[in-house]
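Below is one structure, written out as structure tokens, with a few remarks after it.
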Amino acid sequence: MTDRSIPAGELAPEGIYPPTEEMLREPVPEEVQRGQKERLARVWKTPEGWRYWTAVNNSEVGVWYTMTAFVFMLIAGVMALLMRLQLWVPENDLISADLFNQLFTMHGSAMMFLFAVPMFEAISILLLPGLLGARDMPFPRLSAYGYWSFLIGGVFVIGSILFSAAPKAGWFMYPPLATLELGIGSDIWLLGLSFIEVASIAAAVELIVGALKCRPPGMRVNVMPLYAWYVLVVGGMILFAFPPLIAGDFLFELERSFDWPFFDHTRGGDPMLWQHLFWIFGHPEVYIIFLPSIAIAAMIVPTVARRPILGYSWIVLSAVGTGFLSFGLWVHHMFTTGLPNISLGFFSAASEAVVIPTGIQLFAFVATLIAGRVVMTLPMLWIAGALAIFTAGGLTGVMVAIAPFDWQVHDTYFIVAHLHYTLFGGMVFPVIAGVYYFFPFFRKKMLSDRLGRWAFWLIFTGFNITFLPMHLTGLLGMPRRVYTYPEGLGIDWLNQISTAGSFIVAAGFAVFAWDIVRPKKNQPQIERNPWGAGTLEWSHEVPEAKWGVRSIPHITSRYPLWDQPEIVERMDAGRYYLPDAEEGLRETIVTSVIDARPIQVQRVTGPAYITIWAAAFTGGAFILPTFHIYGPAIVSAAFAVVCILYWLWTSTARPPEKDMKDVGLGLSLPTYAAGPQAVGWWAVWITMLGDATAFASLVFGVFFYWTSNTAFPPPGAEHASGYLVALATAAFAAAWALTRGARGLNRAGRVGLARGALALAPLMTLAGMGGFILSVLDLDPTSHVYPAMMWALMVWIVAHGLVGTIMQGYCLAGSLFGKLTPRYDADLWNVTLFWHFLGLTALVTGAMIGLVPRLM
Amino acid sequence: MDRSDHDRQPHPREDEHEFAEERESLWRITLGPTIWAFHFAISYAAVSVYCFRFERMFEMGWLRAGLIAMTLAMLVAIAWIGWRAFLRWDVRGTGEFSNPEGSAEDRHQFLGHAGFLLALVSFIGVVYDTLPLILLGSCR
């Protein structure tokens, strides 16, 4: 019996680890296996009928996600075809200039935000548990919530073009064009895509925690699949790249809705701030798209070469190195904005430096292929095409990284050619390779080799026919984003070749899409490991078993299916960990970060409607303001909060029925975790890192105005009341101290005092929020960018204070109703962590509103 | 669970102590690139602030000298991080260039190797990013 005096979150694993060979050799009796399978199947059953859509399992959500992103991609592709038709002959009048503007804006935005980034998340949700021998992702309902948000936001954004209301200022929405644009196009872009960015961050949290904490026992960091390394790096990049854009969207929408002049130079604003924030997101984003796709290549290459990857450490180096360096490139999109040449020099140098890690990983693949005995399978054909196209795109990338060259070709078709070469080679081709390679894993059917080769050669040749001439079109001076061109510039025939090529690409995609959706009922059952791969996902069961892995194995090698004999038989027999579901709960194993020692049994959430409702109301909160409907938007936001609270209250961090569980092979693990041991705590930590980045972007904004504008703050400007700011900051500090104190008091068993602290804390928070509001109330945010910036900081801290209050109330309610006790206090740990960040944010806000402007 | 990892006394399983999970951190392999990031951010921010606000007040020579001095200090730091990582990789002791096995020792050496390579690429990155400071003498 466990010691009731120890908090449940501090219990240690008991028993034997790692398992011995004798233990693994011992057979599992048939009838035991039968009973285990029955119980697992019942627990992991996919809902049927119309309840199917309540599923949250990664194998369902992943497929919906992938298919939705693919459909958005096809729609965006049709938009490209319409543009190519318009450019078929000079002075064409097939499409109006206005519609053409909407088409290129939506084509770029949809390909980036509705296809490339979501596709990474979708594929990772689909594959990662399989690669890691986990039953599911750590937060299945979060994946589902992310998916539904993506679907709602995506349909809203892409559907706008049917009403001729789509954004039309280009996919990077430069002000003043985009701020002055009439109509709701820009608002649809800002709010719709912000909504999707939130879903992206949710997915990043899920994937980082999954790769760090849900690996199978024994899978140390040096043996985990390279795909998991890439997921980790890309998840981290999303956390630092997307928040600056969210901060930018926040300022942009405040300008569009309330006329706060952040980007209006007549009132002290500066359009360059948007360009900076956009490209601090935009350039890493290119690598956020590229790295996970190349990670697919890292999975396929060893399989077709029939040998382990060469230079595993070198590939880890290139993934991590590229992740860092990609943040030093953003100004190379702004070479023609008149920044000091010496500043351009830094970005030019970093743009050349990033070639080193990128090149290293390509060389590692080539070396593996040379050292192995290559079987030219269909997925490998697509990878080969990817390497060829990407290398060409990389070479033009080296050219445009040199500022004087870029001045010549900036905003011409040369850039269009360059970016399509990098994105087709770096993303589209590897992803299609991945679809052919992993299709038997996630659909338990094979795609057609013949159709696949047709699709490859159509897309490969069509692509080059379309985009190779564009280099020349651009060098001859054709600017991008013009709806037509005059005769006699020598670019007519080039445009005709490009248009012809684009339809060959389209034909290739039609073949590919048909191959995916065509009925495969009559296809005989496939082999379990059709490519002869060595990684864990190919231990999957055919026909499909919804439980993921029958038992969670102990891993000692990078290619367990090649190196660990009998591993699949033992997994199937339930010889390894968690072979059963006696309690009727969905479970997976949580392990330590570096060495993947088993530390906990995590109960994961099951099917629910609440995620759909939560996504729908969150959608309302983002979509209604597009039409300036603010009252119902606030109501919708409130409903979203209620849904999320209900979901958390009913299904997360509940005290378990018993503290320890026998997971097999003589090992018992705790069933509850709190603080840094818990996956929920990690999720809060990662989310708040992203949140802090967004806040840092706002603070950056203040200093940016100070450097770019000699009159910031303007001489004689009215400042916020220093006295009120100081009081507000102190109130937030008190709320933080009370929350932190409540955690200690609760742990020590002084529940009454802890409740008192938790009741007082929200009052202090509200006082702090009120103080910040009053401090800037006399400033007019529409008059100049300085008061507008102070108001923006106030809005930020007040919105966060509101969330902090709700969290404090949630813990108080938890304590009153027995969900939160001295032994089971995970919620309070997570809320305290949130408050560490919020306390710091309040401190910085106080300084930025009350102190810094007086010193500037 | 085996708790002997925590013992501070020398004992027959000293290797295990040296390679214990508690002594490792994934953050450590990112130290080199983090220094690169600081170098990049500080150089860019300092030059921007100078060019927009202080260009008329003093010569750029001072700023360049200061930044190049910072560069040298950071290069030394990266070299030291790289050297420490190289020792952890222990390629001269073991003769193993890659560490594909599922043992604590292999994981330890792998993290050393990865940290070493990242220090190398960060070193090159810092050198690249210093070139504009050396080659260009003014804001324009």
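Including glycine, each Cβ sits where the backbone N, Cα and C put it.
Note that the coordinates shown come from a computational prediction; the quantities given were computed from them, not determined experimentally.
Per TrEMBL, the features are:
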type     : residues  : note
DOMAIN   : A:44-556  : domain 'Cytochrome oxidase subunit I profile'
TRANSMEM : A:109-132 : transmembrane segment
TRANSMEM : A:144-166 : transmembrane segment
TRANSMEM : A:188-212 : transmembrane segment
TRANSMEM : A:344-369 : transmembrane segment
TRANSMEM : A:381-403 : transmembrane segment
TRANSMEM : A:423-442 : transmembrane segment
TRANSMEM : A:454-477 : transmembrane segment
TRANSMEM : A:606-623 : transmembrane segment
TRANSMEM : A:629-649 : transmembrane segment
TRANSMEM : A:720-738 : transmembrane segment
TRANSMEM : A:758-777 : transmembrane segment
TRANSMEM : A:789-812 : transmembrane segment
Mean pLDDT across the domain 'Cytochrome oxidase subunit I profile' (A:44-556), rounded to an integer, is what?
94
Candidates A:144-166, A:720-738, A:758-777; stretch with most C-beta pairs under 8 Å toward the transmembrane segment (A:789-812):
A:758-777
Cβ-based contact of the transmembrane segment (A:454-477) with the transmembrane segment (A:629-649), 3 or more pairs under 8 Å
no
I'd like to know if the transmembrane segment (A:109-132) touches the transmembrane segment (A:423-442) in this structure, counting it as a touch only when three or more C-beta pairs sit under 8 Å and are separated by 6 or more positions.
yes
Per the Cβ under 8 Å criterion, with at least 6 residues separating them from its ends, the transmembrane segment (A:720-738) contacts 757-758, 760-762, 764-765, 767-772, 774-776, 778-779, 790, 797, 801, 804, 808, 835-836, 838-839, 842-843, 845-846, 849-851, 853-854
Might you confirm whether the transmembrane segment (A:144-166) is in contact with the transmembrane segment (A:188-212), defined here as three or more C-beta pairs under 8 A between residues 6 or more apart in sequence?
yes
For the transmembrane segment (A:606-623) and the transmembrane segment (A:109-132), does the number of C-beta pairs under 8 Å, pairs 6 or more apart in sequence, reach 3 or more?
no
